[in-house]
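Q: Summarising the annotation, Swiss-Prot assigns N-acetylmethionine to M1 and lists similarity to another entry as the type of evidence. Per Swiss-Prot, L-serine binding site is recorded for T271, R302, E325, N427. Swiss-Prot lists R302, Q303, E304, V318, H319, Q320, F321, E391, L392, V393, S394 with the feature ATP binding site. Among the features that Swiss-Prot reports, N6-acetyllysine is placed at K323, with the record citing similarity to another entry. Annotation comment: Swiss-Prot describes T429 as site 'Important for serine binding', evidence class similarity to another entry. The annotation region 'Disordered' is assigned in Swiss-Prot to 475-514. What Swiss-Prot records for 479-501 is compositional bias 'Basic and acidic residues'. Look at Swiss-Prot and you will find 482-494 tagged as motif 'Nuclear localization signal'. The feature compositional bias 'Polar residues' is assigned by Swiss-Prot to 504-514.
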Amino acid sequence: MVLDLDLFRVDKGGDPALIRESQEKRFKDPGLVDQLVKADSEWRRCRFRADNLNKLKNLCSKTIGEKMKKKEPVGNDESIPEDVLNLDDLTADTLTNLKVSQIKKVRLLVDEAILKCDAERIKLEAERFESLREIGNLLHPSVPISDDEDADNKVERIWGDCTVRKKYSHVDLVVMVDGFEGEKGAVVAGSRGYFLKGVLVFLEQALIQFALRTLASRGYTPIYTPFFMRKEVMQEVAQLSQFDEELYKVIGKGSEKSDDNSYEEKYLIATSEQPIAALHRDEWLRPEDLPIKYAGLSTCFRQEVGSHGRDTRGIFRVHQFEKIEQFVYSSPHDNKSWEMFEEMIATAEEFYQSLGIPYHIVNIVSGSLNHAASKKLDLEAWFPGSGAFRELVSCSNCTDYQARRLRIRYGQTKKMMDKVEFVHMLNATMCATTRTICAILENYQTEKGILVPEKLKEFMPPGLQELIPFVKAAPIDQEPSKKQKKQHEGSKKKGAARDVALESQLQNMEVTDA
């Protein structure tokens, strides 16, 4: 995931100042741009010298061959003249005046210089890449510039009644329908572990079916992805911070051969976007085949480092969940990817409108975008039991930022003298099932249970197509209120104080008094 290097090169039509400005708007280090430009300039100088040295080496070999053909004297191990030691100034005429033995010595010096130059070039390439991979995509002009997501995300539009309030939150409702085992899940799987069971398993499967059929009717190809990826491929689709904060690493045998003791690192996927992005790795995509649209289905695994204390109860923020994803490969021309961007968020909106979930669309501020996204819109559903908007969908246009490192090129083959173009890649959540279940539970709660959304009824089993009944009491109703807790604690303290006073009084009393 990187920008085009030519964007940093003024002589190639690039504009480093534009990238520096984009970095500043992202509230990231603009100094990375200067570091990259410096390393790239030195790398290009080094490569130019290496090219000249290789030409000089070929010239040495050619001159030796001509002299041997003419049967000129080889020489008696004469030393190289001082003026010849400066390899950068050597010419064919200079070599012609040397003996064969001298030219061979010059060629050895050239070999040493090439090795030294190659080592320097590799070092500069590494320095340049370190900066390049931490520089974000160029921002779309419509992105709000701010580093405060809570205050400055721009609300683009609202659908449905986002003011209604209801009694219970999803944390209580998953228990009331007996569809969730949290404590036992944590014992088995650790923090945020859970068992989804009973009616909520059916509801989840109904959502998956409805989402896949909706996307299939719009030309998306359903695709069930691998759950883990090789490290070298994951590095091409995920930014560096994700390896520490989001991704789970697994280590397994590197081969199925019993005598092979090697081990290989792999990473569990955080979203089907990652394996689908790599699906056409190292390919040329024909213009007539675009757009290519996939409806990804996968289990997703996320560490959620940094979210300690947030949404610790229930199934809204968990380490493992199912998700249906929109993923599109688009033409880089004629604004096609931005037209597709609007189409994808519209598809997500239609899905949640058909489920009757109120929401608003927000334009995410520049400081909260990941490196790849040029722009991101989130669909945040209204949760009437929690009294808050919560994110269900993220829709991003990554332009050619991902495709470049994956080498997914636009066209059939490179044309002579033409620059290689890369496809644009876009992704958008369709349905993260656990979060959507939470939204349905809060919006469709009644006194007796959860009404089933009209569009999901055909996918639910008999007896659960109209209403999912409450079968357990709400945990919040079982817990004493804060006022009751305070009164209870106060009475305990008063009782303890009375006991201490009485004990003291008894110790000070005389026997006759007793």
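Cβ coordinates are placed from backbone N, Cα and C, and glycine is handled just like the others.
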Q: Just counting, how many other CB atoms are there within 10 A of the CB of E304 (ATP binding site)?
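A: 16, counting other Cβ atoms within 10 Å of E304 (ATP binding site).
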Q: How many other Cβ atoms sit within 10 Å of the Cβ of R302 (L-serine binding site)?
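A: If we count other Cβ atoms within 10 Å of R302 (L-serine binding site), we arrive at 21.
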Q: Quick check for the class: what is the C-alpha distance, in angstrom and rounded, between E325 (L-serine binding site) and E304 (ATP binding site)?
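A: Answer for this pair: 19 Å between alpha carbons.
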Q: So around the L-serine site, T271, R302, E325, N427 aside, which residues have their CB within 8 A of the centroid of those CB atoms?
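A: Here the nearby residues are I269, A270, S272, E273, Q274, G296, C300, K323, T429.
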Q: So how far apart do the L-serine binders T271, R302, E325, N427 get, largest Cα to Cα in Å?
A: 18
Q: Quick check for the class: what is the C-alpha distance, in angstrom and rounded, between R302 (L-serine binding site) and H319 (ATP binding site)?
A: 5
Q: In this predicted model, what is the average pLDDT of the motif 'Nuclear localization signal' (482-494)?
A: 60
Q: Sort F321 (ATP binding site) into helix, strand or coil using the DSSP assignment.
A: strand
Q: Which ones are near T429 (site 'Important for serine binding'): of the binding-site residues H319, F321, S394, which have a Cα within 10 Å?
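A: So the list reads S394.
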Q: Over all pairs in R302, Q303, E304, V318, H319, Q320, F321, E391, L392, V393, S394, the listed ATP binding residues, work out the largest Cα-Cα distance in Å.
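A: Comparing all Cα pairs, the maximum is 19 Å.
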Q: Is any of the recorded positions E304, H319, K323, L392, S394 within 10 Å of T271 (L-serine binding site) (Cα-Cα), and if so, which, in sequence order?
A: K323
Q: Starting from the Cα of N427 (L-serine binding site), work out which of the recorded positions (E304, H319, F321, K323, L392, S394) are within 10 Å.
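A: Correct set: S394.
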